[in-house]
Each structure stands twice: as structure tokens, then as C-alpha cells.
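Worksheet: the structure to be examined is printed underneath.
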Amino acid sequence: MGIPKEGEFVTIQSYKHDGHLHRTWRDTMVLKTSEYSLIGVNDHTLVTESDGRRWVTREPAIVYFHKKYWFNIIAMIREKGVSYYCNLASPYVLDDEALKYIDYDLDIKVFPDGEKRLLDVDEYEFHSKLMDYPEDIDFILKENVKTLVDWINNEKGPFSPEYVDIWYQRYQQLSKK
């Protein structure tokens, strides 16, 4: 697959460090691609878990992936404001099948009031031992937690006040075509 164009759809596949498929999102609409990043939107998107369970996303969400940073960001647009779910994960790759990354368990959730929570530390520690995460991965992930918190605190990139509005409006324009 070449670089997807604005308005096209991609599948997103999340893997675990041991190589098994963790979760799949069908039909994420691409809003923008650049040399290093992809911005898309999920809106009532079918999600399939590794155990076969399926569910559909409840609200629109702007997704941000980068080829250099070890995280991806989901901005969920809800009635009470935007909530962010940030996955500590490998940089993404794109092939003929899907956009793919490795999920490293740690997550940061940002609530509409700005409260931040680091989630799934126990899961990270368990999988780190079970799947034998290398020390350099542990170091990279911890450094990227710092980068992510800096972005959140300084409203950089997907955390800027205008970001969600701009990309949600673009999604609405594209979905009317």
C-alpha cells in the first residue's frame, strides 16, 4: 500500500511485543498523512479484540500516529469535552494490510478537566517480565512518557485547543462528499 490519501480508509492493527495480534480497528478514515505522521478519525468503528469479541466505538475520535515517537494519541470527542487516551507503543509502520504498531501496555488518560492518570502499570510490569522486554525498550518508553506529559502540559500537537476542532471539521467535510 502506498501512503493513503485523505478520505481513504485504513485498518489499524495493534500487536503485543511477542507478535500476537491484540486489537483491530476497521475503517479508520485518513485525514492527513505526512512523511512521519498519520491523522485519522474513528467514528462508530468496528473493533475486534484478540479473543474475537467485537464492539463499535461510541463517539468520534481523532487518532494520531507518528513514525518517530513511541506513543499514539486518541482524542475522544464527548459531550462533556475531549478526553485523550494515549498508548505507549512503538512507532507505526504501514504495509499493504494495515497501519501496525506494538502496544506496550502503559497508557495515559487525560480527562476534560485536565486531570492525567498513568494507567496499566501493573500490566506493563507483568508483560515486561512475561515477554522479556529489553532494557532499551523500557528506557525508550519511560522517556516517551516524559515527552507525552510535556506535550499534554504545554498543549502541543494533538493537545492544542484547536487541534480537535480543525480535524473534526475536516472529517465532517470529507464525510459529506
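Glycine too: its Cβ is placed from the backbone N, Cα and C atoms.
What Swiss-Prot says about this protein:
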type	residues	note
ACT_SITE	Arg23	active site, proton donor
BINDING	Asn87, Asp103, Asp107	Mg(2+) 1 binding site
BINDING	Asp105, Asp107, Asp120, Glu123	Mg(2+) 2 binding site
Binding-site residues listed as Asp103, Asp105, Asp107, Asp120, Glu123, least Cβ neighbours within 10 Å: Glu123
Distance [Cα-Cα, Å, rounded] between Glu123 (Mg(2+) 2 binding site) and Asp103 (Mg(2+) 1 binding site): 11
Arg23 (active site, proton donor) versus Asp103 (Mg(2+) 1 binding site) - Cα distance in angstrom: 9
Assigned conformation of Glu123 (Mg(2+) 2 binding site) - DSSP reduced to three states: helix
Alpha-carbon spacing, Asp107 (Mg(2+) 1 binding site) to Asp120 (Mg(2+) 2 binding site), which is rounded to whole Å: 6
Packing count at Asn87 (Mg(2+) 1 binding site) (other Cβ atoms within 10 Å of its Cβ): 23
Arg23 (active site, proton donor) and Asn87 (Mg(2+) 1 binding site), Cα-Cα, nearest whole angstrom: 13
